[in-house]
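TrEMBL annotations:
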- 7-26: transmembrane segment (TRANSMEM)
- 7-432: domain 'Major facilitator superfamily (MFS) profile' (DOMAIN)
- 46-69: transmembrane segment (TRANSMEM)
- 81-99: transmembrane segment (TRANSMEM)
- 143-165: transmembrane segment (TRANSMEM)
- 171-189: transmembrane segment (TRANSMEM)
- 245-265: transmembrane segment (TRANSMEM)
- 285-304: transmembrane segment (TRANSMEM)
- 311-329: transmembrane segment (TRANSMEM)
- 335-353: transmembrane segment (TRANSMEM)
- 374-396: transmembrane segment (TRANSMEM)
- 408-427: transmembrane segment (TRANSMEM)
Amino acid sequence: MEKLWRPLGHLFLTFFLYNFGTFMVAPTITDVTMFAVCPHQPECSIAIYLTGFQQAVIGLGTLFMMPLVGNLSDRYGRKALLTLPMSLSIIPLAILAYSRSRNFFYAYYVLKTLTSMVCEGSVQCLALAYVADNVPVRRRAAAFGILSGIGSAAFVCGTFIARFLSTASTFQVATAVAIAGTVYMRIFLPDVAVEESLKTPILCRGKEKIVADFPNEISPIKSEQIFKSRPSLRDMLTMLQSSKIFTQAAVVAFFLSLSDAGFQASVTYYLKAEFHFNKDQFADLMVISGVAGTVSQLIVMPILTPFLGEGVLLSVGLFFSCAHIFLYSVAWSFWVPYAASMLSIFFVFSQPCMRTIVSKQVGSCEQGKAQGCISGISSFANVVAPLVFSPLSALFLSDNAPFDFPGFSIMCVGFAMMVAFVQSLMIRVPPPIAEERVDNPNHVDSYA
């Protein structure tokens, strides 16, 4: 047990520090953007379009980067690939830590867009693959839930501290924490050895004979794959087509990410225009949501998963995600978003359960590729979401709206989430693949 949790402990702290620095600035960025672009205005279409454009470009970049990062991590190790996004994420924070004037904001905007093409989702993708490398299949759902809970705890701590700091101090502290997280990871996080003999039931099937034919030399496939840095479209299609459940999970991932990205692109500007929320109210909402989500993922989810299974919990999480979004869209008073945020105790089930279902469809040597494939699909959704929902938000928050419904764009986000919910009801999760052991036939599960 100690052998299992020592590397995961270092990963959890690394993941906490990275997310702490990232989420700490979330409550302030809307105010910073509006002050730089259109100061002293409660509603600003230009700011909405800038945010939407940035999300679309980042999503387009990560669409190509996530499978690449995941595949490279299968080959060169998780730690080596974690270094790049964690280091790059420091640069934009440092710019706004120095100044939030218009020129510095646009420098931040450009660099944040470029660096996030690599950083956005990479750390989560690699952390999930690292957990999958170290945790037996039957414990993986709980471990993924704990990892998500660590992220939620970082979200709570970061946004709570930001509630009491000035804007300048918020970015300065976030920069320091991001640097500390990168240094800690490089010093303490043990890397996972990548075994060349690992096989999976999807993409590695059929290679056994070739490896057997070349027992004392590098096989043609291995020689070819040394130079293969990015999974081909054929590999990704093979992964999707070889498992119906993987395909269904990919559909859920797309609409879940589409909804999440659309909601994030719209909700802060909607609350600022309708209820005049600022940094402090945004932080309060995030703390409420984060506390509920942390308790759920660290306590509730590990208890429920063995009894209900990740398939049922995925549907439960998506159902309450729909309820959460619809409540926001029809909010009739300032307290409704606070009440809706409490539903985080249920809707946080969605991501870890979906990732667990994906993880159980492949073997150890393809965990990075599988998680990267799902992250790439999610990134494509992040491209589509702002192109659809940002113009809707700008239109219905302006004086030129075709009818008086400021939350209309958020309600449309809720309909997209309903598609993910309906698809999740069709997933029938079978027993996990036999890992006793595809990747190591002599493996004995010492953690039973």
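Placed from the backbone N, Cα and C atoms, the Cβ positions cover glycine too.
All annotation found in TrEMBL is predicted automatically rather than curated by experts.
A contact between the transmembrane segment (46-69) and the transmembrane segment (245-265) is present, since 3 or more of their C-beta pairs, 6 or more residues apart, lie under 8 Å. Residues 82, 86, 89, 93, 96, 123, 127, 130-131, 134-135, 143, 146-147, 150-151, 153-155, 157-159, 161-162, 170-171, 173-175, 177-178, 180-181, 184-185, 188-190, 192, 282, 286 of the same chain lie 6 or more positions beyond the ends of the transmembrane segment (7-26) yet place their CB under 8 Å from a CB of it. Remote same-chain residues near the transmembrane segment (171-189) are listed as 7, 10-11, 13-14, 16-18, 20-22, 24-25, 28, 79, 82-83, 86-87, 89-90, 93-94, 96-97, 100, 158, 161, 165 (criterion: CB distance under 8 Å, separation of at least six residues from the stretch ends). Outside the transmembrane segment (374-396), and at least 6 residues removed from its termini, the chain residues within Cβ reach (under 8 Å) are 45, 48-49, 51-56, 58-67, 70, 120-122, 124-125, 236, 249-250, 253-262, 265-266, 269-270, 354-355, 358, 402, 405-410, 412-413.
Annotation: stretch 143-165 has the most Cβ pairs under 8 Å to the transmembrane segment (285-304), among 81-99, 143-165, 335-353. Of the candidate ranges 143-165, 245-265, 408-427, 143-165 has the most C-beta pairs within less than 8 angstroms of the transmembrane segment (335-353). Listed by sequence, the residues of this chain that lie at least six past the ends of the transmembrane segment (408-427) yet keep a Cβ under 8 A from its Cβ atoms are 245, 248-249, 251-252, 254-256, 258-259, 262-263, 266-267, 270, 311, 314-315, 318-319, 321-322, 325-326, 328-330, 350, 357, 388-389, 392-393, 395-396, 401.
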